[in-house]
């Protein structure tokens with residue numbers, strides 16, 4: 001019988017030091033050295049850790065491994081975006097690299113599928129299987145950094161920002177999200193600025209309250225409707241925590257945060273003739289008057305079987321200008337990677353659906369839905 005090895009990617013600095021002390025009988029500085037090899041140099045072979053003595057390397061090889069998700073498939077967009085299908089166990093999640101002139105952002109998944117049922121999101125149509133482990137969250141960053149490193153000759157920009165906006169609702173995976181964020185921020189890990197790591201939530205108030213005062217990163221909220229009636233129709237989570245509960249929690253978080261500079265980013269996907277008329281814009285402006293924010297409008301990105309459409313450019317423009325009349329800061333997100341289905345709301349993986357959600361959707365809509373495995 002073989003003992004399963006411990007994946008060192010599952011440990012933040014505190015956990016790594018504790019493991020080294022209790023399981024290996026080693027001092028904290030040895031744990032720190034190994035973390036540097038893993039995250040600063042992308043090393044996954046203990047033999048290549050040249051400042052670690054042979055006895056410890058042998059111990060590590062016997063008990064431990066450094067195992068990140070592997071790339072099952074890579075797709076390259078004409079705009080430079082790369083979408084990777086990352087293998088996690090017997091399923092896939094998607095991770096997206098988005099290069100821009102002054103930065104390169106990595107969009108990271110937190111769940112296999114999604115436990116929520118937002119009506120406009122392709123990931124939600126796949127159902128839900130499980131939360132990702134720490135090693136599977138931070139491992140996406142590790143693997144992407146290595147993939148980009150291998151492409152240095154193409155002049156690709158190193159990862160400067162991470163957004164938890166991939167598959168899944170991050171705040172329903174708090175146990176594994178927090179250590180992964182700690183590694184992203186840690187100087188022994190990826191050493192990213194807290195303003196360059198963003199967590200997006202659809203309104204899990206219990207998770208946001210748990211984050212408050214515990215970890216400081218940029219916050220984005222998926223609002224997508226200016227009133228409870230409409231929001232509950234397109235985002236059922238609103239029946240659990242309504243808009244006012246959600247925004248009160250948001251205000252508590254940004255009051256405790258330096259990363260947000262006193263403001264939250266509001267994400268609002270524009271669905272043609274659903275939530276994009278001028279009345280909705282005025283309602284949204286009024287709703288957000290007591291919550292310092294910048295509003296990011298996201299024109300809907302279509303996917304197979306979706307009942308929604310992208311608004312016309314004129315409707316998008318009118319919506320933005322109406323909000324700006326109320327002195328809100330408003331941007332329209334530039335669509336990136338839509339030619340490889342890597343844009344916002346388009347991410348899908350290889351999900352063994354435990355919720356039976358996909359089967360129900362197929363029965364309701366007909367065959368034109370995203371094909372997934374069902375159990």
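Here the Cβ of each residue, glycine as well, is placed from N, Cα and C on the backbone.
Model, not experiment: these values are computed from the prediction.
Cβ neighbours within 10 Å of residue 94 (active site, proton acceptor), excluding its own Cβ and spanning all shown chains: 25. Feature annotation from Swiss-Prot assigns active site, proton acceptor to 94; the stated evidence is sequence analysis.
Per Swiss-Prot, the feature active site, S-methylcysteine intermediate maps to 344.
If you draw a 10 Å sphere around the CB of residue 118 ([4Fe-4S] cluster binding site), it holds 20 other CB atoms from the protein chains shown. Look at Swiss-Prot and you will find 114, 118, 121 tagged as [4Fe-4S] cluster binding site, backed by sequence analysis.
Applying an 8 A CB threshold to same-chain residues 6+ apart, the list for residue 168 (S-adenosyl-L-methionine binding site) reads 93, 109, 110, 111, 112, 113, 114, 115, 123, 131, 132. Marked as S-adenosyl-L-methionine binding site by Swiss-Prot on the basis of sequence analysis: 168, 169, 200, 222, 223, 224, 301.
Secondary structure at residue 107 (disulfide bond), taken from DSSP and collapsed to helix, strand or coil, is strand. For residue 107 (disulfide bond), the Cβ neighbour count at a 10 Å cut-off comes to 27, with all displayed protein chains included. According to Swiss-Prot, the disulfide bond annotation covers 107-344.
This prediction places the mean pLDDT of the domain 'Radical SAM core' (100-339) at 94. Swiss-Prot lists 100-339 with the feature domain 'Radical SAM core', giving sequence analysis as the kind of evidence.
Residues 168, 169, 200, 222, 223, 224, 301 are listed as the S-adenosyl-L-methionine binders, and the farthest two of them sit 19 Å apart at their Cα atoms.
Residue 121 ([4Fe-4S] cluster binding site) is 14 Å away from residue 200 (S-adenosyl-L-methionine binding site) when you measure Cα to Cα.
Cα to Cα, residue 121 ([4Fe-4S] cluster binding site) and residue 223 (S-adenosyl-L-methionine binding site) are separated by 13 Å. Taking the Cα of residue 222 (S-adenosyl-L-methionine binding site) as the reference point, the closest of the recorded positions 94, 107, 118 is 118. The recorded positions close to residue 107 (disulfide bond), defined as a CA atom within 10 A of its CA, are 94 out of 94, 169, 223, 224, 301. Take the Cα of residue 94 (active site, proton acceptor) and measure to each of the binding-site residues 118, 169, 223, 224, 301: the nearest one is 169. For residue 301 (S-adenosyl-L-methionine binding site) paired with residue 118 ([4Fe-4S] cluster binding site), the C-alpha to C-alpha distance reads 14 Å.
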